[in-house]
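Per TrEMBL, these features apply:
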type	residues	note
DOMAIN	100-152	domain 'CTLH'
REPEAT	268-302	repeat 'WD'
REPEAT	313-354	repeat 'WD'
REPEAT	367-389	repeat 'WD'
REPEAT	501-524	repeat 'WD'
REPEAT	525-567	repeat 'WD'
Amino acid sequence: MGRAEDDEPPPKRVKVSSRKLGDLSKSTLLTDRASCSLNDLMAHPLVCQGDDEVVGAKGVVKKVEFVRIIAEALYSLGYNKAGARLEEESGIPLQSAVVKLFMQQILDGKWDESVATLHNIGLMDEKIVKLASFEILEQKFFELLDGKKVMDALKTLRTELGPLCINNDRVRELSLCILSSSQQVLAGMSGQDVVRPKSRTKLLEELQKLLPPTVIIHEQRLIHLVEQALDLQLDACRFHNSSVGEMSLLTDHQCGRDQIPSRTLQILQDHSDEVWFLQFSHDGRYLASSAADCLVIIWEVKLDGLFCVKHRFSGHQKPVSYISWSPDDHQLLTCGVEEVVRRWDVESGECIHIYEKNGLGLISCGWAPDGNRILCGVTDKSISMWDLEGKELECWKGHRTIRISDLGITSDGKHVVSVCKDNMILLFGWESKAEKVIQEDQTITSFVLSTDNKYLLVSLWNQEIHLWDIEGTAKLISKYNGHKRSRFVIRSCFGGLNQAFIASGSEDSQVYMWHISSGELVETLAGHSGTVNCVSWNPADPHMLASASDDHTIRIWGLNQVKMKHTDTVSNGVHYCNGGT
């Protein structure tokens, strides 16, 4: 690809049924509550035989906690006898005596007693006590109202709910229920659920979420931990690149290298010069490529995975260095090197409009998310925004961009991303006017924005690729190296399932791939005979990658085990395409 000037840089569950809280009295409650005073039941940290004992090789799992969450899981699955037997045999109760009493009082509708017991559970956070009390007293209020005891409900509202001094807006809404002659819902009240009383079981479930886990084990805690462990296994799997069907708890999850596209499935040979840029459409149905031959080609991805030429766009007088798909993939912007930007209709192949500025060249292009405006970097270091008909709507002057032909627009339309100095990236809001800067120690050669707008992948002069988290305050979170770059612009991309990988071209004619989380180099792809300038991962197919090279070709990479249907010239399992449809 074009050389850089010496003084300027080159142009990725299974739900179980809720625990039957109505069966609580059968399995987990004290059988002799009446003989105990409330002070006797006062909650303290559970003291059991072997309270400090740990299990497991790493010595970090406390036996008491482990047994308690197993017991909770048994009750959640409906195995009440097994849960009760576990408590009995281990001597480790699922809940303390006072917590069991509190839970039964909720189920029995003993509101005043339950509020009193709540204050004796031993909660240190007064705010949690108030919030839980509010939930209980609100249920009391609704049950009184539902029983047509309006004056008692009003008394609860005034003397119990109001004095808590929390959620005053909710208190006002509840007062409107008093005024309703039917004691039913008043429509359209601030979107909150002013409704008939919920079930007491549901109330208890909500209280369980509110109270700290040291007091009451949260529902389905063991299921949550298992699901979390499975998610961590997926995140740690360096080759994970396929949607997961069923995952077994009996074995650790591990994917093989065969999930990574590593085999050349097709070689596209229609360009007559170095291929500088390529990009898949958002829906993955098309691939657009541009080259030093001033030609832009749109390739269609057929159902069998093979590519064929859909259109050849000619008209640029200079090599085409940048391409941008419209949000709906119906149109394409192409930018010649310091030349003009052309807008093409993908279906008809017609050039719809040419954007240019007198005496100046355009170096980059991109779409506003609404698809009705385009943005372009200009050689005078400004960024211009036009409507589709070519009327300039705005121009941001100053050091907004340099000769690097990269431009990013976040999908929410709030920020434009550009290289404003050799080692500095600017994120600025065209409406808010707010600016955020990312500064590197080395000269920036290219960048790409992740599809979720959270990350920025920055390629540097010193053969490193940096991953930046740009949510909030920008921070560098990872570095990737191994590829070669000394003279040309080399582009990288996000890709794979959930954009879990990074790929980059290289001057040693190879494609490099890293696992984004671990930073581990997972694959290098050999096959090109010249510098690999650009790579693009199909957003609709995590197993399809395209690479563009100075050897005038585009290679399509796929999985090793894919069996291709060959219709034309075939050599060593590779399909060669020289035009045609």
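Heads up, the Cβ atoms here are built off N, Cα and C, so glycines get one too.
Unlike curated entries, TrEMBL annotations are predicted automatically.
With a cut-off of 8 Å between Cβ atoms, the residues of this chain six or more beyond the repeat 'WD' (313-354) that come close are 2, 11, 273, 276-279, 281-283, 285-286, 288-298, 361-367, 369-371, 374, 376, 379, 388-390, 403, 405-407. Proximity of distant same-chain residues to the repeat 'WD' (268-302), defined by a Cβ-Cβ separation under 8 Å and at least 6 residues beyond the stretch ends, is recorded for 1-2, 308-314, 316-325, 327, 329, 332, 334, 336, 344, 346, 349, 489, 491, 530, 533-541, 544, 546-550, 552-556, 576-579.
Break the repeat 'WD' (525-567) down by DSSP state and the numbers are 0 helix, 18 strand, 25 coil. Long-range contacts of the repeat 'WD' (367-389) within its own chain (CB-CB distance under 8 A, at least 6 residues past either end) are made by residues 324-328, 331, 333, 335, 338, 341, 343, 353, 355, 357, 360-361, 395-403, 405, 407, 409-413, 416, 418, 420, 430.
Same-chain residues lying 6 or more positions outside the repeat 'WD' (525-567) and placing a CB less than 8 Å from one of its CB atoms are 1, 12, 241-242, 258-269, 271-280, 282-285, 287, 289, 291, 299, 301, 304-307, 451, 488-497, 501, 503-507, 509-513, 573, 575. Across the repeat 'WD' (313-354), the prediction's mean pLDDT works out to 96.
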